[in-house]
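Beneath this line is the structure, given in structure tokens, with notes to follow.
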């Protein structure tokens with residue numbers, strides 16, 4: 001028999017069962033997607049889209065449905081917070097059901113093709129020999145893929161026949177599903193511009209349709225056909241793996257660095273938004289604008305959306321996860337309940353002090369307070385006997401603006417220190433750690449898991465491409481033949497069915 005790593009060679013000269021294997025694989029993928037969607041719906045809590053969004057709950061397939069326009073449930077809730085809605089058939093449950101039904105039909109098709117493997121379709125009508133016209137099949141597949149790509153861009157995304165896609169502002173506050181017009185100018189190449197997604201699907205679809213028709217109608221030159229081994233099914237495998245690993249690298253990048261197709265409302269913020277103080281700068285800009293228009297500090301900070309403040313918290317940074325830390329973010333720091341408000345620290349001279357924030361890759365970080373010039377004015381010392389900047393010595397107090405503790409000031413050092421320790425993580429929130437038995441160790445968001453998985457798959461598939469590409473290009477070199485072997489062990493197509501001695505020609 002064959003060793004376990006060579007079992008797929010039984011499909012090399014057997015188009016019928018190659019189709020069956022692919023149908024079964026698609027059935028498994030569609031079945032997984034539908035089942036996973038139902039599992040996530042069973043565990044998803046839609047009650048607080050601001051402080052307990054899907055990405056905090058570790059949802060993996062829901063955000064992908066939402067970005068394509070599915071936002072409602074047959075239970076009447078929507079991910080944007082509405083209740084009592086009627087989403088029609090294309091709800092989360094409807095999509096899950098469609099995938100499970102598709103999976104069942106594909107399973108039956110796989111069984112049929114496994115039993116009826118020897119079809120007239122796979123034989124050359126001129127010779128009666130088994131033969132596949134691979135260049136023509138490539139053209140047909142390219143044409144169909146181009147048609148799908150064009151249809152998705154021109155109809156689904158534009159809203160002409162479909163819902164559009166998830167569109168939001170740069171700070172992930174006002175997202176919703178909207179029809180999107182294509183952006184044909186240079187701004188279409190901005191990865192954060194949804195119009196570019198539409199334009200590129202339309203353009204790529206047209207190119208795919210034209211290229212597909214070309215490959216259906218035009219035969220490859222003989223020298224090129226032989227040089228690229230176009231008659232060998234392993235060439236198809238090698239080039240297909242190349243396409244897939246390239247796509248996996250691309251989506252790992254767009255997910256980790258962020259793009260219009262990976263909105264932060266659905267997948268959580270990127271690590272670079274914490275690293276660059278992206279949300280902190282926007283919050284400060286809004287506060288300064290409010291103060292300039294005559295608002296008090298309390299009013300200015302109370303106007304900051306809780307959603308924006310929550311993004312400015314290190315626990316939502318996907319780089320704060322870790323290997324083997326399974327589970328959703330809520331299993332780490334807990335389920336966020338409320339924003340405590342913005343903490344402002346001052347020393348006994350009344351000078352405002354700023355807590356230095358923890359960089360992404362630190363697990364622990366000292367509590368250091370600096371003035372506006374970056375000069376250290378207070379800290380929580382490791383060795384109290386030698387301290388000069390302790391909270392007690394510097395008379396540090398904390399006042400809260402906005403949030404639950406709006407307008408309150410605390411002066412007792414233990415309380416002030418407890419808030420300073422929390423302030424190194426960004427804005428301060430109250431968490432429920434009991435419901436999920438949260439352990440206090442940060443987890444990554446679906447953004448981190450998706451990136452990690454696709455980077456790993458891409459690397460593995462890259463080696464698969466090299467392996468199968470080398471095998472198809474150098475097959476004659478690799479398969480050096482022992483002259484003592486009998487013809488049936490050597491000759492391709494000696495048996496009509498591989499390994500079946502009853503089908504000898």
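Cβ from N, Cα, C; glycine included.
The chlorophyll a 2 binding site annotation in Swiss-Prot covers 8, and the record cites experimental evidence as its basis. Annotation note: residue 8 (chlorophyll a 2 binding site) sits in a helical segment as assigned by DSSP.
Within the same chain, no residue at least six positions away from residue 22 (chlorophyll a 3 binding site) has a Cβ under 8 Å of its Cβ. As annotated by Swiss-Prot, chlorophyll a 3 binding site applies to 22.
The chlorophyll a 4 binding site feature in Swiss-Prot is assigned to 25. Under DSSP, residue 25 (chlorophyll a 4 binding site) is assigned to a helix (H, G or I) in the three-state scheme. Taking a C-beta cut-off of under 8 Å and a sequence gap of six or more, residue 25 (chlorophyll a 4 binding site) has no contacts in its own chain.
Long-range neighbours of residue 113 (chlorophyll a 11 binding site) (same chain, six or more residues apart, CB within less than 8 Å of its CB): 16, 17, 19, 20, 23. For the recorded site, residue 113 (chlorophyll a 11 binding site), the DSSP three-state label reads helix. Sequence annotations record features per position, and here Swiss-Prot assigns chlorophyll a 11 binding site to 113 based on experimental evidence.
Swiss-Prot lists 141 with the feature chlorophyll a 5 binding site, giving experimental evidence as the kind of evidence. Other Cβ atoms within 10 Å of the Cβ of residue 141 (chlorophyll a 5 binding site), summed over all protein chains shown, number 15. In the three-state DSSP classification, residue 141 (chlorophyll a 5 binding site) falls within a helix.
For residue 156 (chlorophyll a 10 binding site), other Cβ atoms within 10 Å of its Cβ number 20. What Swiss-Prot lists as chlorophyll a 10 binding site is 156.
Taking the Cβ of residue 200 (chlorophyll a 14 binding site) as reference, residues of its chain lying under 8 Å away and at least six apart in sequence are, in sequence order, 153, 188. As annotated by Swiss-Prot, chlorophyll a 14 binding site applies to 200.
If you take the C-beta of residue 201 (chlorophyll a 9 binding site) and look for same-chain residues 6 or more apart in sequence within under 8 angstroms, you find 149, 150, 152, 153, 154, 157. What Swiss-Prot records for 201 is chlorophyll a 9 binding site.
There are 19 other CB atoms within 10 A of the CB of residue 215 (chlorophyll a 13 binding site), with all protein chains counted. A helical conformation is recorded for residue 215 (chlorophyll a 13 binding site) in the three-state DSSP classification. What Swiss-Prot records for 215 is chlorophyll a 13 binding site.
If you look up Swiss-Prot, you'll see 454 marked as chlorophyll a 7 binding site, on the strength of experimental evidence. Residue 454 (chlorophyll a 7 binding site) is surrounded by 22 other CB atoms, counting those within 10 A of its CB over all protein chains shown.
Residues annotated as chlorophyll a 16 binding site in Swiss-Prot, with experimental evidence given as evidence: 465. Secondary structure at residue 465 (chlorophyll a 16 binding site), as computed by DSSP, is helix. Residue 465 (chlorophyll a 16 binding site): 20 other CB atoms within 10 A of its CB, across all protein chains.
Counting Cβ atoms from all protein chains shown, residue 468 (chlorophyll a 1 binding site) has 19 others lying within 10 Å of its own Cβ. Here Swiss-Prot flags 468 as chlorophyll a 1 binding site, drawing on experimental evidence.
If you look up Swiss-Prot, you'll see 1-19 (among others) marked as topological domain 'Cytoplasmic'. Mean pLDDT for the topological domain 'Cytoplasmic' (1-19) in the predicted structure: 87.
Look at Swiss-Prot and you will find 36-99 (among others) tagged as topological domain 'Lumenal'.
Annotated topological domain 'Cytoplasmic' per Swiss-Prot: 115-138 (among others), in sequence order, evidence recorded as experimental evidence.
What Swiss-Prot records for 156-201 (among others) is topological domain 'Lumenal', and it gives experimental evidence as the kind of evidence. Broken down by DSSP into helix, strand and coil, the topological domain 'Lumenal' (156-201) contains 14 helix, 6 strand, 26 coil.
Per DSSP, the topological domain 'Lumenal' (36-99) is made up of 22 helix, 2 strand, 40 coil.
Long-range contacts of the transmembrane segment (236-251) within its own chain (CB-CB distance under 8 A, at least 6 residues past either end) are made by residues 134, 138, 450, 454-455, 457-459, 461-462, 464-465, 468-469, 471-472.
With respect to their backbone Cα atoms, residue 468 (chlorophyll a 1 binding site) and residue 454 (chlorophyll a 7 binding site) stand 20 Å from each other. The Cα atom of residue 454 (chlorophyll a 7 binding site) lies nearest to that of 465, taking the binding-site residues 8, 141, 156, 215, 465 as the candidates. Annotation: stretch 202-217 has the most Cβ pairs under 8 Å to the transmembrane segment (139-155), among 20-35, 100-114, 202-217.
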